[in-house]
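Undergrad: This structure is in structure tokens; I'll ask about it shortly.
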């Protein structure tokens, strides 16, 4: 299912919050008074919302729950009478799918037979991921978000009847809401790298639909263009570890794409970039030795509660292309973001962490560890993504997560990776060349066959002539 939201805001907090959506056809007016605003790199806070509009978003604040390693979800209702489900918010896919059969990891599931508004489309659905899969049946039903816009829409729903390594024990969500573009709403999946078994503390955040809530961020919003409308693809132009440039060709950062994906836990980097980044992080944190398995995300490191030496780990800065020509901005994350806390049962008195930067074979993925602590605006109407520091941003005694700019960066368009395209004329040329090569190989064979046939005919004629002579004798 491809959502059609002009504006979506995801704000994932870094602390525990009190407990207090987005389908095909939802189109909401932007409550920000931006009709004539110029497209600048920064959007001053006083110009992007009409006075008195703050109350419009009160019901949407703190509507996200979840865990960093298991995804963040929003409460939704499906069917008539409404059935309440927790749905994972995923900006890296475009399908809307819910559990529709009993499963050991589900406390509840969508029961189609109890909905008077369910319509069966009589189509099967099969979606494989790098790890795991699910399959089910496609239909439509009425959907709404209680802590969201006051809108009920009919949406396409994939009812999951069978799955393998898709639902996560203890995650508390029963379905997935893909908020990316229609181009990737194919019935297959590229990857679903959430963690299946680790227990972590619950945190919360907000998903605001239709505008911007200024109470949830500090400073200015900085926007980067959406390069292509499939995933939320952006362009990274520079990477620094503790202020030291990795000095790589910027195309390496975006090979074969760079996306913002709330459905992925880690910051995932292409192989060359990952190796360079880990080397720099190791050098910066050399006062302590860590096992190789830690850097590969396979082992935990633990310290006595309250004694984690955050200061030995470097900050990581990603520079993103800005909206103004030759200008970029940077987002800086702290080790409190890329060292993900994990509750280790065996050593519950310790603070244990997992390295949340991993290697990728499908480009850079800015996952939940990047988005946590930032206010992220998915502005589909203007084809851009905004970043600001959240109101509960990550910080320690000396450092804080930041969004800063502008920085002069020429030729940023060259940093984007372009998949080689082979046009039809090239394919036809290749086909003709192959046909000519085949003809050259076949010609000698044909000549040999013809020669053999001729010799056989001549021999047959000679034998007949010999028989005639013997009869005359």
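Placement of Cβ uses the backbone N, Cα and C atoms for every residue, glycine included.
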Undergrad: Quick one: which of 409-429, 430-450 does Swiss-Prot have down as transmembrane segment?
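TA: In Swiss-Prot, residues 430-450 carry the label transmembrane segment.
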Undergrad: From 463-467, 468-472, which range did Swiss-Prot mark with motif 'DXXLL'?
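TA: In Swiss-Prot, residues 468-472 carry the label motif 'DXXLL'.
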Undergrad: Only counting partners 6 or more residues apart, tell me which same-chain residues put their Cβ under 8 Å from the Cβ of residue 90 (active site).
TA: 71, 176, 177, 178, 179, 180, 261, 262, 263
Undergrad: Here the disulfide-bonded residues are 250, 302, 352, 392, 415; which one has the lowest number of other Cβ atoms no more than 10 Å from its Cβ?
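TA: Among the disulfide-bonded residues 250, 302, 352, 392, 415, the sparsest Cβ neighbourhood within 10 Å belongs to 302.
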Undergrad: Express the distance between the Cα positions of residue 247 (N6-acetyllysine) and residue 123 (N6-acetyllysine) as a whole number of Å.
TA: 50
Undergrad: Find the average pLDDT over the topological domain 'Cytoplasmic' (451-473) in the predicted model and report it.
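TA: Mean per-residue confidence for the topological domain 'Cytoplasmic' (451-473): 60 out of 100.
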Undergrad: Mind giving me a neighbour count for residue 279 (N6-acetyllysine)? Other Cβ atoms within 10 Å of its Cβ, every protein chain shown.
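TA: A 10 Å sphere around the Cβ of residue 279 (N6-acetyllysine) contains 13 other Cβ atoms.
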Undergrad: Any idea which of the modified residues 257, 271, 272 has the thinnest Cβ neighbourhood at 10 Å?
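TA: If we count Cβ atoms within 10 Å for the modified residues 257, 271, 272, the smallest count is at 271.
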Undergrad: Compared by Cα position, which of the recorded positions 123, 257, 272, 415 is the closest one to residue 279 (N6-acetyllysine)?
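TA: That would be 272, the closest of 123, 257, 272, 415 to residue 279 (N6-acetyllysine).
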Undergrad: Which of these recorded positions is closest to residue 302 (disulfide bond) if you go by CA atoms: 123, 257, 272, 392?
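TA: It is 392, whose Cα lies nearest.
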